[in-house]
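Just below is one structure, and these are the notes that go with it.
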Amino acid sequence: MADQSKIPQATAKRLPLYYRFLNNLHLQGKSRVSSKELSDAVKVDSATIRRDFSYFGALGKKGYGYNVEYLLGFFRKTLDQDETTNVALIGVGNLGTAFLHYNFTKNNNTKIEMAFDADKSKVGQEIGGVTVYHISDLSERLKNVQAAILTVPGAVAQQITDELIDSGIKGILNFTPARITVPEGVRVHHIDLAVELQSLVYFMKHYPVDE
Ligand code: ATP
């Protein structure tokens, strides 16, 4: 098995993408895949795929391609797919509610275990099978949870981040427009949907893709 610390970050970021596609192939009963097929599906050029896969010790054979089962086994180990990561969701508004209804476990082993909100009318509800607790119970309830999804208003994002970190959270998926500050050792991924959409429109206008 390859040493995970030697995989470049750019390669590591593409792992979930590869994993999802290969998992679907596996479910369809396919045992091998060509780099061209993979490239078309995940929109990564085949030279990059070959380089990425060489880090996993997976060398495609000409005319055969890659062994789906071998790759899946590697990805499962590397992405800790054998172990479920428990996630808490903070802020059960429109976006938060959508996430609670979304079945994350379909493609990977993350699970929203609990949700929190400050609105008393939401506390005690069960949405998508997940119970909503009051935000003041955060430190008491957050046991065996490693990551959090932040879908609160930007104005309270930092304060809630601090509380999450005090409770031992090591990763935050931040959907608020606020740029949050965290101590070393805590990872934040920031997804601002409004900015992403604006950026898409900008690129469509200024960098049209060839037909
Ligand atoms: P969204 O931005 O998800 O579409 P929304 O427009 O429905 O949500 P927001 O005002 O953005 O509502 O708030 C998102 C959720 O965060 C709401 O359910 C709100 O009750 C909750 N919230 C607000 N302040 C806090 C807080 N301090 N702690 C926990 N939850 C909070």
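In case you wondered, yes, glycine gets a Cβ from its N, Cα and C as well.
What TrEMBL says about a protein is an automatic prediction, not a curated fact.
The following features are taken from TrEMBL:
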type	residues	note
DNA_BIND	17-56	DNA-binding region
BINDING	G91, V92, G93, N94, L95, G96	NAD(+) binding site
DOMAIN	80-179	domain 'CoA-binding'
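A Cβ within 8 Å of the Cβ centre of G91, V92, G93, N94, L95, G96, the residues given for NAD(+), is found for these other residues of the same chain: T97, A98, F99, D117, T151, V152. The sparsest Cβ neighbourhood within 10 Å, among the listed binding-site residues (G91, G93, G96), is found at G93. Taken through DSSP, the domain 'CoA-binding' (80-179) splits into 31 helix, 29 strand, 40 coil. Counting residues of the DNA-binding region (17-56) by DSSP class, helix then strand then coil, yields 29 helix, 2 strand, 9 coil.
Every protein chain considered, the tally of other Cβ atoms within 10 Å of the Cβ of L95 (NAD(+) binding site) stands at 16. Long-range Cβ proximity for V92 (NAD(+) binding site), meaning a same-chain Cβ under 8 A and a gap of 6 or more residues, is found for L100, A115, F116, D117, D119, K122, Q125, I127, V132, T151.
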